[in-house]
Amino acid sequence: MKILYSLRRFYHVETLFNGTFVLAGRDQETTGFPWWAGNARLINLSGKLLGAHVAHAGLIVFWAGAMNLFEVAHFVPEKPMYEQGLILLPHLATLGWGVGSGGEVLDTFPYFVSGVLHLISSAVLGFGGIYHALLGPETLEESFPFFGYVWQDRNKMTTLLGIHLILLGLGAFLLVLKALYFGGVYDTWAPGGGDVRKITNLTLSPGVIFGYLLKSPFGGEGWIVSVDDLEDIIGGHVWLGSICVLGGIWHILTKPFAWARRAFVWSGEAYLSYSLGALSVFGFIACCFVWFNNTAYPSEFYGPTGPEASQAQAFTFLVRDQRLGANVGSAQGPTGLGKYLMRSPTGEVIFGGETMRFWDLRAPWLEPLRGPNGLDLSRLKKDGQPWQERRSGEYMTHAPLGSLNSVGGVATEINAVNYVSPRSWLATSHFVLGFFFFVGHLWHAGRARAAAAGFEKGIDRDLEPVVYMTPLN
């Protein structure tokens, strides 16, 4: 039988007690990996590995389509999306599908179409995955040399990297096209409480776009997560798409330099570790974006951010007490600081009380009430609009933390019954996934480096309990 692995490399792998167990023709003797090692059995079988990846893509797209239709079926137009536990429809709404002024859902048919298209796509991918896993050639090198590869072929690997970068760049341009030409996207900052609009004045200045990367991640700076302008977001995607496409072309046309050949480990497991590391970074950045940013993730769909809910409570009580005759400009709270308004460390007028820690919040319902030196007292007294009051009252009771509401410092009740903000779900899931992808990155990077150095030992199995158990057969 043709041995596809180095005996020296895999001498440590524990074998099954029943050596005859074979799954899809990939037994341990042939590959050096047991059945539960999954795709590791296919490291040197490019055709079968293609099948596994296409089938995996089919599963991902199937989930997207099925969950999309599930959310459409359960959607209640009279309630905000964030009160219904939705995580996919808010993304479609943010892209401008089916919504109008103030984030009101006008038509759910685009959401239905999206779900059906994903289901159809998943079927095509599923058939392709099954074909390549069961019927297609085991290796692509002989039949389709363009698609074939050897993990150690550095030039081929950077060509594949280039193709992936071009596809990512084209994905970024799809958002740009949607925003510029195909109906626009939802802008939470549009006058009067948000609306769908086409982006007409892209920000392409490298100083502005790359200035975000140079910002501090702390406080009012907020690194790239601080972006609060759709022109900057879409312009950033123009830059990102261009860099990815040009970088992809460059990687296809060039061979890796000598320093890159020396610096990197060139093996299947090493590439897996690099990919997991990149996905981990994506996960952590997405976590911060969905938790703090209310422009890319409008509060009309995802619910308020933590600081936004806190500031909304201060504004709601200021409006209420002002109508009852309180002088909100001079009233003192129990600490001697301003009860409703006070000054920040840098002199701006901000909301008083517990919410002062969130004084650098920017939100579309609040910014019209600011002047050159922070909150403007005369605007607070005269210019408040009903939509601002309604929105702040709604956000006050839908904090993403499900935090305790308080009146006069006494905790009274949780903000809403059975309410978990989509921001909480999305931020937590992306943080946890980002963390585990990082652990996977470290694990596979360590294994790849050890294998490259020639001293891979794996786990010492002499003391493993399973060795002394009765064989399964």
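Positions of Cβ are set from backbone N, Cα and C atoms, glycine also.
Because the structure is a prediction, the values reported are computed rather than measured.
Look at Swiss-Prot and you will find Glu367 tagged as [CaMn4O5] cluster binding site. When secondary structure is read from DSSP and collapsed to three states, Glu367 ([CaMn4O5] cluster binding site) falls in the helix class. Non-local neighbourhood of Glu367 ([CaMn4O5] cluster binding site): empty, since no residue in the same chain at least six residues away has a C-beta under 8 Å from its C-beta.
What Swiss-Prot records for Thr15 is N-acetylthreonine.
Annotation source Swiss-Prot lists phosphothreonine at Thr15, citing experimental evidence.
Here Swiss-Prot flags 69-93 (among others) as transmembrane segment.
Among the features that Swiss-Prot reports, transmembrane segment is placed at 134-155 (among others), with the record citing sequence analysis.
Swiss-Prot lists 178-200 (among others) with the feature transmembrane segment, giving sequence analysis as the kind of evidence. Packing against the transmembrane segment (178-200) from elsewhere in the chain are residues 93-97, 99-103, 228-231, 234, 294-295, 298-301, 364-365, 387-388, 391: each is 6 or more residues past its ends and has a CB under 8 Å from a CB in it.
Look at Swiss-Prot and you will find 255-275 (among others) tagged as transmembrane segment, backed by sequence analysis.
Annotation source Swiss-Prot lists transmembrane segment at 291-312 (among others), citing sequence analysis. Under 8 Å from some Cβ of the transmembrane segment (291-312) lie the Cβ atoms of residues 80-83, 89-90, 93-94, 102-103, 186, 188-189, 194, 222, 225-230, 233, 351, 354-355, 357-358, 361, 363-366, 391-396, 398-401, 403, 415, 421-423, 426-427, all in the same chain and six or more residues away from its ends.
Annotated transmembrane segment per Swiss-Prot: 447-471 (among others), in sequence order, evidence recorded as sequence analysis.
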Long-range Cβ neighbours of the transmembrane segment (69-93) (under 8 Å; 6 or more residues past either end): 99, 103, 105, 108, 110-112, 114-116, 119, 186, 297-303, 394, 398, 416, 419-423, 425-426
